[in-house]
Every structure is written in C-alpha cells, then in structure tokens.
Amino acid sequence: MIIKSIQLSNFRNYEKLDISFDTETNIIYGDNAQGKTNILEAAYLSGTTKSHKGSKDKEMIRFGEDEAHIRTIVEKNDKEYRIDMHLRKNGAKGVAINKMPIKKASELFGILNIVFFSPEDLNIIKNGPAERRRFIDLELCQLDKIYLSNLSKYNKTLVQRNRLLKDIAYRPDLIDTLQVWDMQLLEYGRHVIKKRREFVNELNEIIQDIHSNISGGREKLILKYEPSIDDIFFEDELLKARSRDLKLCQTTVGPHRDDMLFSVDGVDIRKYGSQGQQRTSALSLKLSEISLVKKNINSTPVLLLDDVLSELDGNRQNYLLNSLSDTQTIITCTGLDEFVKNRFQVDKVFHVVKGQVEVIDE
C-alpha cells in the first residue's frame, strides 16, 4: 500500500498543503520546529484516527481556527481510497471513506496500515509495561477488528468494575452485583490475553533473524509475553484478588497489567541493556512489525521515520534503509548529508520552512 497524497487545511502550522509522494523513499527535511513531523502525524491520523503523540484533536487545529481538515489518498491492492478527516475544537471528529461517513474507528482500520518509528520508540523498551501494552494493542487493533472490539469492551468493563469497587466502600449491599462485571471481564479478557500471546509469539519468530543480522550474529533477542495471569486461571485469580480489589478499589489482576519482556542473550535489556542494545532492539522491533503486517494482510505497510536516523550509527542506518526496497517510506530529518555520503536511494525530496513545502527533486 502507498499514500499517494495528503492535503491539509488548518492542521498544526499548515494553513494549506497539498503534497504528493513517491511510491518508495521520500525525504522531508528542514530545521527543527518547521512542520516536518506534522505531515507524518497527519498520515498516522489517517490510518488510526489518533495522534502518535497522544495529542487531543483541538491541539492539532491551527491557532485561531475552529477546525482542521485532512484528506489522504491511499492506494492498496490496486484500489484507491480517499480518507477525509475533520477535527473540531469541540471534539466532534468526522471521518469519511470515499465520501461515506463512518460511525466507528474500526471501520477505518486496515485501509492504511502505518508503522511509525521515532526516537521516542525507545520508550517501548525503556519505560514501564504500559508502553509495551500500547505497542501491542496499536498493532493488533490495526490487524484484527475482533481484537479491537474485545479490547474496547474489556476496557469499558474494567472502568465499570473499578467504579463499582469504589461504590461498594460506601454501599456494601452492592457487592452482589460485582459478579456481573466479573463475568464480562473474564469473557473479554481471555480473548485479549490469547491474541496478545499469539501476536508476541509470531513477532518473536520474525525478530530473531532480523536482530541477528543487525548485530552481526553477536546477539540473540527474544520477546516473551508476560501476562499478569494466564487466561486459564483468570477466574480463580480474580476471585482470590477480590478482597484486595475491594480494599484498593481497583482491579489488580487482568490483561491491563500485562507486559512483554525483551531479553538479549538471557538478559533483560530494559533493566540491564546498554543504550546501543536498546536502540538495536527498537530497530529490530519496527522492522519485524513491517514483516508481520505484510504477512497478515498481504500488503506492505507505510513506514514513517521521524528524525530517527540521527539516533542510529552508520551500520544501523545502512541496514534500515537497505531493508526497505519494497516499502513506501517517508523520512523526516534536518539535512541530507547522510543520504549523499552513503549514496542511499532517494526518490523524492521536500524542504520545509515555516509550514511551506518545496519539492527539491522530482
């Protein structure tokens, strides 16, 4: 799949923008704070309805305006899709596919699959379990609408159960209603655990060869899914935890507490890995993500690289860019020196200055 073009109106620092991309390597360069990442953010929004930064809709609307518009033309398996997205200050987002409004984000997922790689992706490895759950969920939700539905229902049930736990502290007679939410939590949670385990196992099979190649065969990276509780024992553990849950007024077992372990040669690299090992593992993860998506949907996702090359040494840069021959890639950076020096193939170049984009090389 490819992004053919993006049109922006009152999005971030862009009053108007109409940009068309090459099918392979696109470079967007310019000084910091000129608007390079905003173009990638618009592309990511078009595939997921959310900002990769976690920004609210109103924060992405140009200062002084009431709404922003993004139009993205996508080509996938010889079929063209037009994705229109309206962001409004009141939070009422509107999305249409080929001029037909959609009611749920799930209707959009799968049309434009995005793999986004930025220096912040080191947080997947370095930070707490929430970052790794977020990574798993974002990818699975793009690939599997049933998973998206079960995850959404699980999260809603979790909120309701936690609210009830707080209410029981003041109204003990409500405790009999806890069983209703427990049954729903178990139903949706088991599906979430099962799919996450399958996803991590599949990703682990792919990532080992990629990481071995990047590290020159010196390291073996293993991913392991670490659920807070196995789906088989979920019901028993939820019952055992009930008194603790009532005391803390929150649900203490379930997939909302899962984690994923990154280990190199048996060592947990979140705790004990060098920054070089963590960067190599993050790169391996993103390249594995591309392969996994391609395997599952029979189409290559679009890769967005946000100022990530400056974080990689020459060997990692070479491996990354030489691995992308069949992948549309949009790269932001502050200059072109690395591309010229290493003679990387570049198909289209854009220069950004204060929200104005100029095509440098057709």
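Cβ atoms are placed via backbone N, Cα and C, with glycine included.
According to Swiss-Prot, the protein has these features:
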BINDING   G30, D31, N32, A33, Q34, G35, K36, T37  ATP binding site
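Annotated ATP site G30, D31, N32, A33, Q34, G35, K36, T37; additional same-chain residues within 8 Å of its Cβ mean position, judged by their own Cβ, are T332, T334, V352. For G35 (ATP binding site), the Cβ neighbour count at a 10 Å cut-off comes to 22, with all displayed protein chains included. Looking at N32, Q34, T37, the binding-site residues in this record, the fewest other C-beta atoms within 10 angstroms of the C-beta turn up around N32. Cβ neighbour count for K36 (ATP binding site): 25 (other Cβ atoms within 10 Å of its Cβ, all protein chains included). Reduced to three states, the DSSP call for T37 (ATP binding site) is helix. In the structure shown, across all protein chains, G30 is the one of the binding-site residues G30, D31, A33 with the greatest number of other Cβ atoms within 10 Å.
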